[in-house]
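Some features that Swiss-Prot has for this protein:
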type     : residues : note
CARBOHYD : 74       : N-linked glycosylation site
CARBOHYD : 137      : N-linked glycosylation site
REPEAT   : 59-80    : repeat 'LRR 1'
REPEAT   : 85-106   : repeat 'LRR 2'
REPEAT   : 159-179  : repeat 'LRR 5'
REPEAT   : 230-249  : repeat 'LRR 8'
REPEAT   : 255-276  : repeat 'LRR 9'
């Protein structure tokens, strides 16, 4: 066998099982040359609340406690041998209505936490300050008001992904601007299918991805996205009210590359200047809206635009036609959107600007 292949087999992970708490499954993954490093994944899902606190191996990296009808977790339950070095914890599909402010205080290495599909109604301040979290899933709960500061973590600048979709959130309390109080390092925030009537104040968060899908937003006007200059992907699909897109509503997003407005059938044009300021936008999804046909001035406001989705199977791509050469002084190449219906591959005539 060739040496490179032997090395690949030696370094890649191998999986074996080991003795475990009755009803649980312990799977060992080994890594490195000669299996010199191992981690254990423990699955204790679906056993019932009586299993807590369940003993786990000292080298446990991920613990699955989902679907156990758990009604409470606190610091003492998550402080036994093997718990303090956890990197991943799954508490989804339980009956949790609240969590102790110090519940995760001893999980100093926790990177991924899943609390989805519970009945949480509140999130204590500083819930995650002791853990270097990079992923927090709080979707499908009963949260109504959430403080952005609750997601301040011991991450030392690591990007944080937060999923708050499918809650009852009507207000997001902004992070205070007091000196010396670091802002959460949230780079991806999913607020889809909540009860937000306005774009929340997320100023100064290092956001790159934001989803507000399915919210009853009434208006998106100037200043709505102030302080979010680093945002690259914004999704406003399937909004539950007829949103008004005011001119320059996206002006604060010069770095935005992807904008999704799909699934808003009552959305009408308020003028191409709605998109002014989006100098980096490359992809625009208008499928399922009333924003077709496209206005001729669209590409003038979107100089970097490469593709537009205008229907379930219709995509338009930017087309540059050089025209006659040599070009007349002061003239510019003609720019068009060339649209194709992928169902029948019939091309629509390009719109020349």
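Here the Cβ of each residue, glycine as well, is placed from N, Cα and C on the backbone.
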DSSP three-state assignment (helix, strand or coil) for residue 74 (N-linked glycosylation site): coil
Neighbouring C-beta atoms (10 Å sphere around the C-beta of residue 74 (N-linked glycosylation site)): 14
Whole-number mean of pLDDT values that fall within the repeat 'LRR 2' (85-106): 95
DSSP residue counts for the repeat 'LRR 8' (230-249), split into helix, strand and coil: 0 helix, 5 strand, 15 coil
Residue pair residue 74 (N-linked glycosylation site), residue 137 (N-linked glycosylation site) - Cα distance, angstrom, rounded: 18
Tertiary neighbours of residue 137 (N-linked glycosylation site) (same chain, Cβ under 8 Å, six or more apart): 92, 113, 114, 115, 116, 163
Surrounding residues of the repeat 'LRR 8' (230-249) on its own chain - C-beta under 8 Å, 6+ positions past either end: 192, 206-222, 224, 255-264, 266-267, 270-271, 273-274, 276-277, 285
Intrachain residues whose Cβ lies under 8 Å of the repeat 'LRR 9' (255-276), provided they are six or more past its termini: 213, 229-239, 242-249, 282-291, 295, 297-298, 300-302, 309
DSSP-assigned states of the repeat 'LRR 2' (85-106) in counts, ordered helix, strand, coil: 0 helix, 3 strand, 19 coil
